Amino acid sequence: MPVRIIDHVYAQYLLTRLRDKNTGSLDFRKGLVRLGRIIGYELVKTFPFRYVEVETPLGRAVGVDIIGLDKVVIVQILRAAMPLVEGLVKAFPNARLGVVAARRKEEEGYVDVEVFYSKMPSIGVEDTVIVADPMLATGTTMSKAIEEVYKTGTPGRLVVVSVIATPVGISRVLSRWPDTEIYTVAIDPELNDKAFIVPGLGDAGDRAFAT
């Protein structure tokens, strides 16, 4: 399945707190960080592993070695993704980090996105690239970020991480990159005339940084 909904009860609890309009910016940021960590751990479960034997101070034990943790790139879409990526890095502490900065352009009811800054580490076929943005609304911003990834290199695996997605955003991404995996905590049904997710949680960047 290209779309995975994180139905862990604590993830759903955190999402409920984020949706609540009375949640302050500090708790909102903390919630995004915690969700990033949870989603990251769910992603780790999908990595291949092998059994290894290690020597403890008192004997020998069989454990696991996860393969590919040193071949992860996390791309954050500024600025709303910053707390989410902070959590993802807890699960992938050796990840290389990329950044995409984009702005919305609204003209006569039409919403477009302009990338005005992009900086990527090297990307190769052995890498898993995780592109993070709390809100996968129209999919336009995410598509621009993925384009920046492929301008740099072709990853072996591409994963989109969001907190809330919409069918429109999911369809836009998968129609262009059908092998992409999408991890999200919820899928909301609607977009309003400003291209915000309804019911959603509002503007994630503004709420996280009290602007």
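From the backbone N, Cα and C atoms, a Cβ is placed for every residue, glycine too.
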5-phospho-alpha-D-ribose 1-diphosphate site partner of Arg79, Arg104, Asp133, Pro134, Met135, Leu136, Ala137, Thr138, Gly139, Thr140, Thr141 (as recorded in Swiss-Prot), chosen from Asp7, Asp203: Asp203
Residue with minimal Cβ packing [other Cβ atoms within 10 Å] among the binding-site residues Leu32, Val33, Ala137, Ile197, Ala204: Val33
Proximal but sequence-remote residues of the same chain as Asp133 (5-phospho-alpha-D-ribose 1-diphosphate binding site) (Cβ under 8 Å, at least 6 apart): Gln76, Ile77, Ala80, Ala81, Leu84, Thr141, Met142, Ala145, Val160, Val161, Ser162
Number of Cβ atoms other than its own within 10 Å, given for Gly202 (uracil binding site): 16
Using Cα positions only, nearest of the binding-site residues to Met135 (5-phospho-alpha-D-ribose 1-diphosphate binding site) (Lys30, Gly31, Leu32, Val33): Leu32
Proximal but sequence-remote residues of the same chain as Gly31 (GTP binding site) (Cβ under 8 Å, at least 6 apart): Leu14, Leu15, Arg17, Leu18, Thr23
Among Lys30, Val33, Arg34, Ala137, Gly139, which are recorded as binding-site residues, the nearest neighbour of Gly202 (uracil binding site) by Cα: Ala137
